[in-house]
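Engineer: Here's a structure for you.
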Amino acid sequence: MKNFLSLADVTDLDALIQSGRDAKASPFADQQLGKNKTIGLIFFNSSLRTRLSTQKAAQNLGMNVMMMNVGQDSWGLEMEEGVLMNGDKAEHIREAAAVIGRYCDIIGIRAFAELNDREKDYREQVMNQFAKYARVPIVNLESATRHPLQSLADCITIEEAKATSSLIPARPKVVLTWLPHFKPLPQAVANSFCEWMNARARSGDVEFVVTHPEGYELAPEFVGDAPVIYNRAEAFAGADFIYGKNWSSYAQYGQVLTQDPSWAVTMDDMNRTNSGKFMHCLPVRRNLKVSDAVLDGPQSLVIEQAANREWSAQAVLKEILKTL
Ligand code: CP
């Protein structure tokens, strides 16, 4: 694996999921692989799970880790080419990425969508500029349109749950449901989850369904062949996994079209499922998006899902380290 920007960089998804599960069973088996190698973790946005789990995964592999918050620890970075740099950005990505690439063997980048200009966000300028100028492998720690380390952890979590519960069928029904929120959030987690679950559906490992209010349709290239069921109760019926996430509108880009509280997930909703498990990437606003009872009950997988971020990062870093 040269870069990990999206599912397109994965040649064998089953093997990558298994590699994550193997790392969980034996975290230090590959300590020599990363010896004397350095990863730089570059954050344009806040993080709890991604920051700590990726650092831990790299350390499990014997790597050195450096972190930087762009604009706080570093200069602000200009991404546009050929501009007169007379604004608040003191350094250009051409130099910054090239220099970081001299210090690091792998670079992880987190850069969210700004939600002002859809074409610009979906062009993935930050990730692509780093990939162009750093000359070392790039790992997507959540970009404008995708969060593939999260999606891999989600796949690991679903496979683990299948392996440990006789109630979950071999081809479980997985439902992505929109959740209400007053703030406009990016579509990245939902996009990525669709991308990865569609791949799992194609290989017969899940049945995948999406439900959201009208106006919250995701970009067609991410929804793919997944059925979109606007009737939420119908979508939840017989589900084995409910994956909750808020996102802002793609069509009316970055807008909050409704905050309808009836889309928050409650125990009444979970009782319509096939003893379904609840998943969310976190952070989650309790009782705005999901009730306390759902998050604190035995159906919740959110902590295990977050724990699996370490193993998804370790599986990906291992694949990249093997090529260095
Ligand atoms: N799920 C996730 O990426 O969490 P953080 O934003 O805290 O890293």
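A Cβ is built for glycine as well, from the same backbone N, Cα and C atoms used for every other residue.
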Engineer: Among K56, K89, K245, which residue does TrEMBL name as a further N(2)-succinyl-L-ornithine binder in the site formed by E142, H181, R285?
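Structural biologist: It is K245, as the record lists it for that site.
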Engineer: Record says S47, L48, R49, T50, W75, R110, H147, P148, L149, Q150, C281, L282 bind carbamoyl phosphate. Source is TrEMBL. Which of R21, R171, R309 does it list for that same site?
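Structural biologist: Candidate listed by TrEMBL for the same site: R309.
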Engineer: Using Cα coordinates, what distance in whole Å links C281 (carbamoyl phosphate binding site) and E142 (N(2)-succinyl-L-ornithine binding site)?
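Structural biologist: It is 12 Å, counting Cα to Cα.
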Engineer: Restricting the comparison to the binding-site residues E142, H181, K245, R285, which residue's C-alpha is spatially nearest the C-alpha of R309 (carbamoyl phosphate binding site)?
Structural biologist: E142
Engineer: Which numbers of helix, strand and coil residues does DSSP report for the domain 'Aspartate/ornithine carbamoyltransferase Asp/Orn-binding' (205-318)?
Structural biologist: 38 helix, 18 strand, 58 coil
Engineer: Using Cα coordinates, what distance in whole Å links R49 (carbamoyl phosphate binding site) and K245 (N(2)-succinyl-L-ornithine binding site)?
Structural biologist: 16
Engineer: Just to verify a number: CA distance, R285 (N(2)-succinyl-L-ornithine binding site) to S47 (carbamoyl phosphate binding site), in angstrom, no decimals.
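Structural biologist: Computed Cα spacing between R285 (N(2)-succinyl-L-ornithine binding site) and S47 (carbamoyl phosphate binding site) is 15 Å.
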Engineer: Average the per-residue pLDDT over the domain 'Aspartate/ornithine carbamoyltransferase Asp/Orn-binding' (205-318) and send me the rounded value.
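Structural biologist: Reported value for the domain 'Aspartate/ornithine carbamoyltransferase Asp/Orn-binding' (205-318) is a mean pLDDT of 98.
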Engineer: Considering only the binding-site residues S47, W75, L149, which residue has the minimal Cα-Cα separation from E142 (N(2)-succinyl-L-ornithine binding site)?
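Structural biologist: So, of the listed binding-site residues, the one sitting closest to E142 (N(2)-succinyl-L-ornithine binding site) is L149.
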